[in-house]
């Protein structure tokens with residue numbers, strides 16, 4: 001069994017040219033709990049507040065919301081600071097995690113519409129796309 005803890009401080013630079021910059025869409029073979037300590041989380045700027053967290057169980061697909069995807073896909077590809085003024089963490093474990101009854105019902109902070117942040121995503125795949133020659 002394995003577990004990892006990652007901290008995301010505000011010291012990252014996005015430098016890669018011709019890349020998809022926001023956190024990518026993915027599934028994990030581990031359960032992933034992410035928490036925001038301060039600042040804002042670029043992949044879901046609206047609704048993910050400091051003190052909040054998200055739990056994605058094993059093999060649950062997730063990634064940035066539509067606004068983050070569109071903004072990052074059309075931004076100029078130049079070096080930029082990422083997560084300025086933000087501190088977040090992620091805990092991953094091969095153990096299953098669950099939200100307690102308090103978290104689901106009592107605290108009344110559960111975002112029951114969380115899944116809707118991905119509904120407005122558009123298809124962007126073009127099988128004929130080729131990189132421009134530079």
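Including glycine, each Cβ sits where the backbone N, Cα and C put it.
Whatever TrEMBL says is automated annotation, not expert-curated.
Annotated features, as they stand in TrEMBL:
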- 26, 32, 62: Fe cation binding site (BINDING)
- 41, 62: homogentisate binding site (BINDING)
- 6-125: domain 'Homogentisate 1,2-dioxygenase C-terminal' (DOMAIN)
Rounded inter-Cα distance in Å - residue 32 (Fe cation binding site), residue 41 (homogentisate binding site): 16
Environment of 26, 32, 62, the listed Fe cation site - residues of the same chain whose CB lies within 8 A of the CB centroid: 25, 27, 28, 56, 60, 61, 63
Binding-site residues compared (26, 62) - the one with the fewest other Cβ atoms within 10 Å: 26
Around the Cβ of residue 41 (homogentisate binding site), the count of other Cβ atoms that are within 10 Å: 23
Inter-residue Cα distance where the pair is residue 62 (Fe cation binding site) and residue 41 (homogentisate binding site), in Å: 14
